[in-house]
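Asker: Structure below; questions to follow.
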Amino acid sequence: MIPTGAAFVAGVTGDPIAHSLSPVVMRHWIDAAGIDALYAPFPISAGNFDRVVRGLAGAGCRGLNVTLPHKEAALELARTASGPARAVGAANLLTFTPAGIHADNTDIAGFLYALAPANVEFRKARALIFGAGGAARAMLYALLTVGVTDVAICNRNITRAQGLSRDIAPDAGIIPWEARDDALQGRDLIINATSLGLAGRDELALDWQRVRPGSVAFDGIYIPVNTRFIVESRARGVTAIDGLDMLIGQARPSFEAFFGRPAPDLPDMRSRLLEHLGAR
């Protein structure tokens, strides 16, 4: 239905945000639910984040999903926060209530939702995470909750990697960026939580010959779906998972938080997104 002047309004913010498929996901669910609602992208720069978010809250917006580079700032802005958001130190969901702004992190559930079909033996896994920002924080926390004990962090800024380890996983290994290929040896769960590979940016180049076929590789990027990380890991015989399913998985609880009802069951959502991207 076409939104009216009484529509519930929510959205997504980041910088950049034009690439986001969150409005597409939400539009499909809004239409399937038949509710009067609008979900829009809001490009907000870091310097304007607090002011604009507070303005949207004051204008009656129901809330925002939050992506790079604002996830840590979102948590700091909120008056209250869920336990997982506090533990991770980052939020990808802000809801605006009469009591104030509330922060949550649905990336944790979204990440595990995406990994589920791969049947990873988490307690035996040797994981390697590239990145140390808000997404990496959520993914590292998620791995710990399902029993992963052997994990290493590799980031271009080693100080941020050390901070991530200190905050969430003190026993995690810290790998200098220049040693990233050596770090692949013996790892069977490799995760790209950086922005490398996002359309218009540099790719994450790795020596996949060092990875055992049958391992699992996850890329949080979904535009493009077939990043260099995905294409080259798949060519090695690795189970490669792109970011689309994490997008869908993290969006479900967001929809309910914004609009007060569960997201409709659309088993073909991934196919709809691929069709939208022209990636079939």
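Quick reminder: no glycine exception, Cβ is built from N, Cα and C everywhere.
Sequence annotations record features per position, and here Swiss-Prot assigns shikimate binding site to Ser20, Leu21, Ser22, Thr67, Asn92, Asp107, Tyr222. Sequence annotations record features per position, and here Swiss-Prot assigns active site, proton acceptor to Lys71. Swiss-Prot lists Gly131, Ala132, Gly133, Gly134, Ala135, Gly220, Gly243 with the feature NADP(+) binding site, giving sequence analysis as the kind of evidence.
Are these features on the surface or tucked inside, and what are their neighbours?
Answerer: Residue density at Leu21 (shikimate binding site): 19 other Cβ atoms are found within 10 A of its Cβ, drawing on all protein chains shown.
Taken residue by residue with DSSP, Lys71 (active site, proton acceptor) is part of a helix. Less than 8 angstroms from the CB of Lys71 (active site, proton acceptor) sit Ala90, Ala91, Asn92, Gly133, Gly134, Ala135, Arg137, each of them six or more residues away in the same chain.
Summarising the environment of Gly220 (NADP(+) binding site), the number of other Cβ atoms within 10 Å of its Cβ, over all protein chains shown, is 29.
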Asker: Identify which of the binding-site residues Ser20, Ser22, Thr67, Asn92 has its Cβ surrounded by the largest number of other Cβ atoms within 10 Å, counting every protein chain shown.
Answerer: Asn92
Asker: Under 8 Å Cβ-Cβ from Asp107 (shikimate binding site), six or more apart in the same chain: what's there?
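Answerer: When sequence neighbours closer than 6 are ignored, Asp107 (shikimate binding site) has Val88, Ala90, Asn92, Gly134, Ala135, Ala138, Met139, Ala142, Met246, Gln250 within Cβ distance under 8 Å.
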Asker: So for Gly133 (NADP(+) binding site), how many other CB atoms are inside 10 Å of its CB?
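Answerer: Total other Cβ atoms inside 10 Å, all chains included: 19.
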Asker: Compare the Cα of Ser22 (shikimate binding site) against each of the binding-site residues Gly131, Ala132, Gly220 and report the nearest.
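Answerer: When the Cα distances are compared, Gly220 comes out closest.
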